[in-house]
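Pulled these from Swiss-Prot:
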- S2: N-acetylserine (MOD_RES)
- D28, H115, E477: pyruvate binding site (BINDING)
- K212: ubiquitin cross-link (CROSSLNK)
- S223: phosphoserine (MOD_RES)
- K233: ubiquitin cross-link (CROSSLNK)
- T266: phosphothreonine (MOD_RES)
- K269: ubiquitin cross-link (CROSSLNK)
- T353: phosphothreonine (MOD_RES)
- T390, G413, S414, I415, G445, S446, N471, D472, G473, Y474, T475, I476: thiamine diphosphate binding site (BINDING)
- D444, N471, G473: Mg(2+) binding site (BINDING)
- K505: ubiquitin cross-link (CROSSLNK)
- T522: phosphothreonine (MOD_RES)
Amino acid sequence: MSEITLGKYLFERLKQVNVNTIFGLPGDFNLSLLDKIYEVDGLRWAGNANELNAAYAADGYARIKGLSVLVTTFGVGELSALNGIAGSYAEHVGVLHVVGVPSISAQAKQLLLHHTLGNGDFTVFHRMSANISETTSMITDIATAPSEIDRLIRTTFITQRPSYLGLPANLVDLKVPGSLLEKPIDLSLKPNDPEAEKEVIDTVLELIQNSKNPVILSDACASRHNVKKETQKLIDLTQFPAFVTPLGKGSIDEQHPRYGGVYVGTLSKQDVKQAVESADLILSVGALLSDFNTGSFSYSYKTKNVVEFHSDYVKVKNATFLGVQMKFALQNLLKVIPDVVKGYKSVPVPTKTPANKGVPASTPLKQEWLWNELSKFLQEGDVIISETGTSAFGINQTIFPKDAYGISQVLWGSIGFTTGATLGAAFAAEEIDPNKRVILFIGDGSLQLTVQEISTMIRWGLKPYLFVLNNDGYTIEKLIHGPHAEYNEIQTWDHLALLPAFGAKKYENHKIATTGEWDALTTDSEFQKNSVIRLIELKLPVFDAPESLIKQAQLTAATNAKQ
C-alpha cells in the first residue's frame with residue numbers, strides 16, 4: 001500500500017474500530033485534519049452546535065458502540081469540551097479527544113497566536129486535559145505518530161476513559177506508510193495472572209457453596225466494560241435474585257424472572273431493600289458507588305461476604321486482587337459454577353412495580369403515575385436516556401424491556417448532558433439498526449442549557465422521541481434548597497415552537513397534560529414507530545417529583561449542611 005497522510009491514517013484507524021461518526025467543530029488549527037474525514041468511506045462529520053454538546057454527543061455514542069471521537073481546536077475549542085470529557089472520565093466512557101494545535105514551529109517560536117493565553121505557553125491546555133484523561137499524547141515526530149495514534153485508540157477502548165491526542169497542523173498532511181493499516185489495532189485484554197485468578201474463583205465458589213441467600217447486583221461498569229453477557233449468564237446459571245443500581249439500568253434483562261428491581265440503599269422499595277440487605281452473599285458487578293447511585297451511601301449489607309468484580313481488580317471481602325480483570329474472571333467462573341449451585345434453593349424475588357390503578361382519563365399527569373406507566377410504551381432494544389433531575393430518579397420505577405440501553409449521568413450529573421447524548425446515541429443506534437428507537441426524558445430547565453443540538457438531529461434526519469418534562473423550573477434544586485428562590489426559576493419557553501424554529505420539515509409536536517392523553521398517544525401504532533423526530537411536552541405540577549428524589553434531596557441537603 002502506498003503512503004497516506006497522517007490525518008487519513010487516524011480516520012482509517014477509527015473506521016477499523018467501528019467508529020462511523022466524528023463529533024466536534026471546525027477551527028483553523030484542525031481544518032486540514034477535517035478534510036481527511038471525507039477521504040474515508042463510511043465516515044461522517046456530525047458538525048455540532050458547540051464543543052460542550054459535541055463532547056456530550058461523543059459520550060452518548062460511545063455508551064452504545066464502545067468508542068467515539070471528538071475533534072476540537074486548540075484552546076477555545078478544547079476547553080469548551082472539558083466538562084463533557086470530565087463526565088466521560090468519571091463515568092467510564094471511552095472518548096478519544098483529538099485537538100488540532102498550532103504548528104511545531106509556531107510553538108517553538110512561542111508566537112502570540114490567537115486562542116493562546118498570550119504568554120507563549122502552548123502546553124497549558126494539554127496539561128489541563130491530562131487530569132481527566134487516561135493517557136495523552138502531543139505528536140511531535142511523524143515517525144512515531146502512527147504508533148502513538150494506535151496506542152491512544154487502544155487505551156481509550158480498553159480502559160473506557162477519555163484520551164487526549166494533540167495533532168500539530170503542520171503534521172496532518174505528512175505521509176506515513178499505508179501498509180501500517182494492514183495490522184489491526186489489538187483491542188484485546190491481557191490475560192489475568194492464572195494463580196491470582198484461580199484464587200479468586202476458588203474463594204468465590206466457596207462463598208457461594210456456603211451461602212443460602214446470595215444476590216447479584218449489577219452496576220454501571222457491567223455495561224461500560226462489556227460484561228453484560230457474562231452477568232446475564234451468571235443470573236441464568238445460578239438463578240440468584242438479581243438487582244441493578246440506578247447506573248446499572250440496562251445492564252441486565254429486567255424482564256428476566258429473577259430480576260428483583262433497583263437497589264439504592266434507603267431509597268429502594270422496601271421489599272428490594274430487604275432482599276438485598278438480608279442476603280448472606282453479594283456478587284457485585286461493576287460497582288460505581290457514588291452518592292446518587294447509593295442513596296447517599298446508605299448501603300446497609302448485613303453480610304461481610306461481598307465480592308466486587310471490577311474492570312481491573314476483584315475484591316473478595318477484605319482481600320483485593322489487583323490486575324484480575326472481571327471479564328476473564330467471570331468467564332472462567334461461569335465454566336465451573338453450575339456444579340456448585342446445583343443445591344441452591346430458589347428464594348422469591350420482590351414483585352415488580354405494580355401497574356397503575358385505573359384513573360379517570362381527565363386525571364392530571366403526575367410523575368409517580370408516569371414512570372410506572374412508561375414501561376408499557378417501551379420496546380425491546382430501545383435506548384432510554386434520562387436527564388439529571390426528576391427523570392434520572394423516576395426512571396428507576398420503570399421496568400426496561402429486553403436488550404434496552406439505559407443512559408443517565410448519575411455520577412457526574414451535568415444538567416443538559418442528555419440532549420447531546422441523545423444526538424450521539426441516535427447516530428449510534430441508526431448505525432446498528434435504523435429502527436432502533438432513542439427516547440429522551442429531560443426537564444424544561446436542563447433543556448435550556450443544550451437545546452441547540454436538536455438542530456443537529458434535524459440536520460441529519462435523526463428521529464428521537466424528545467419528552468420534555470415541564471414543571472416550571474429546576475425542580476431538583478428546589479427540593480434540595482430554595483423552593484421559592486428566584487435563582488431556581490427559568491423563562492417559560494414555547495416548546496412546541498422549537499422543532500420548526502430549528503428548520504424541521506417533517507416532525508410531530510404533542511402536548512400532554514392528563515393520563516388519558518398519555519394513553520391515547522403512547523398506544524397509537526404510528527406513534528410507536530420512529531418515523532419522524534418528535535417533541536412531546538409533558539405538563540406536570542410544580543414540585544411534582546418521584547418519591548425517591550424527594551428523599552434524596554433531603555439526604556443531599558443534610559450532607560451539604562454538615563460541618
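Note that Cβ sites are derived from N, Cα and C of the backbone, with glycine treated the same way.
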Does DSSP put G445 (thiamine diphosphate binding site) in a helix, in a strand, or in coil?
helix
Check the Cα-Cα distances from T266 (phosphothreonine) to the recorded positions S2, H115, S414, T522 and tell me which is shortest.
S414
Find, among the recorded sites listed as K233, K269, K505, the one whose Cβ has the highest number of other Cβ atoms within 10 Å in the structure shown.
K269
I'd like to confirm something. Which of the recorded positions, D28, K233, K269, K505, T522, has a Cα closest to the Cα of S414 (thiamine diphosphate binding site)?
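Checking each of D28, K233, K269, K505, T522 against S414 (thiamine diphosphate binding site), the shortest Cα distance is to K269.
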Find the shortest Cα-Cα separation between D28 (pyruvate binding site) and the recorded sites K212, K269, K505, and name the residue that gives it.
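Nearest listed residue in space: K505.
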If you count other C-beta atoms within 10 angstroms, which of the recorded positions H115, K212 is the most crowded?
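Checking each of H115, K212, the winner is H115.
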Reported as an integer number of Å, what is the Cα distance between T390 (thiamine diphosphate binding site) and H115 (pyruvate binding site)?
39
Let me check the 10 A CB neighbour count of T522 (phosphothreonine). How many other CB atoms are there?
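Cβ-Cβ neighbours of T522 (phosphothreonine) within 10 Å number 18.
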